[in-house]
Amino acid sequence: MSGLFISFEGIDGAGKSTHINALVEAFETMGRNVVRTREPGGTPLAETLRELVLNKAMDPMTEALLVFAARRDHIVQVIQPALSQGAVVLCDRFTDSSFAYQGGGRSFDWNVLESLERWVQVQSIGSILQPDVTIWFDLPSNVAAIRLQGARVPDKFESQSEPFFDRVAQAYAKRMSSAPDRFVRVNSNQAAADVWSDIHAVLVAKGVLV
Ligand SMILES: Nc1ncnc2c1ncn2[C@@H]1O[C@H](COP(=O)(O)OP(=O)(O)OP(=O)(O)O)[C@@H](O)[C@H]1O
Ligand SMILES: Cc1cn([C@H]2C[C@H](O)[C@@H](COP(=O)(O)O)O2)c(=O)[nH]c1=O
């Protein structure tokens with residue numbers, strides 16, 4: 001069986017974690033091996049980099065380099081081996097987050113991010129690793145802020161203002177327009193059960209879930 005790589009994107013508090021848990025169960029019920037992972041993170045080294053990126057002040061280029069360094073380790077140690085063994089990899093954020101947060105939120109150079117993407121995700125000449133499906137949980141920033149209120153101590157990104165998250169959302173829309181076959185936008189501003197129905201329907205339509 002061939003591997004399946006699904007990434008989950010959206011602004012902080014958009015509802016990704018809630019539905020990734022349900023998808024782990026749905027794929028396991030189908031008899032698939034599932035690797036649930038996240039970015040930045042997913043390996044001991046990448047989790048160490050995550051702590052720095054989420055909690056230490058740094059300039060946008062340093063931030064971009066660290067998330068791509070973490071990604072490289074994650075791809076080599078976890079994602080590629082799992083896909084080679086036919087697993088379903090459910091990844092809470094991947095490279096679209098770098099375009100959204102560093103490119104959109106921080107206004108860091110989009111072309112440099114595209115170069116880093118090519119370097120870090122190279123598989124063979126002319127081929128770069130990308131998710132098979134990316135589910136973008138689209139939620140207005142003011143609704144996400146209400147959902148996250150009091151939920152936990154906010155990290156460096158969660159404490160950003162609504163205009164920052166509006167730029168993040170615009171950057172997701174730009175990434176979606178450049179990869180319409182890979183991206184699926186889900187309206188996250190509805191009851192969790194309805195969000196789940198939409199995700200389920202999309203993955204059934206794509207032939208990856210029964
Ligand atoms: N459809 C929904 N309606 C109302 N509240 C929701 C919905 N989905 C999730 N929530 C709640 O919103 C909060 C954020 O959800 P969740 O942690 O799943 O988001 P996330 O996208 O994983 O966030 P982050 O990227 O910051 O980790 C949680 O308290 C969760 O219970
Ligand atoms: C992969 C990636 C992530 N980020 C940011 C986005 C979020 O604010 C945090 C991760 O927190 P979560 O609770 O696990 O969603 O990191 C980023 O800025 N750039 C990236 O490439």
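Heads up, the Cβ atoms here are built off N, Cα and C, so glycines get one too.
What you see is a predicted model, and the numbers here were worked out from it, not measured in a lab.
Marked as domain 'Thymidylate kinase-like' by TrEMBL: 8-199.
Under DSSP, Lys16 (ATP binding site) is assigned to a helix (H, G or I) in the three-state scheme. In the structure as shown, the Cβ atom of Lys16 (ATP binding site) sits within 10 Å of 22 other Cβ atoms. What TrEMBL lists as ATP binding site is Gly10, Ile11, Asp12, Gly13, Ala14, Gly15, Lys16, Ser17.
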Of Ile11, Gly13, Gly15, Ser17, listed as binding-site residues, which ones have a Cβ less than 6 Å away from ligand 1?
Gly13, Gly15, Ser17
Neighbourhood of Ile11 (ATP binding site), C-beta criterion under 8 angstroms, separation at least six
Ala100, Leu139, Ser141, Ala144, Phe165, Val168, Ala169
Do any residues at least six apart in sequence from Asp12 (ATP binding site), in the same chain, have a Cβ closer than 8 Å to its Cβ, and if so which, in order?
Ala144, Leu148, Phe157, Glu158, Phe165
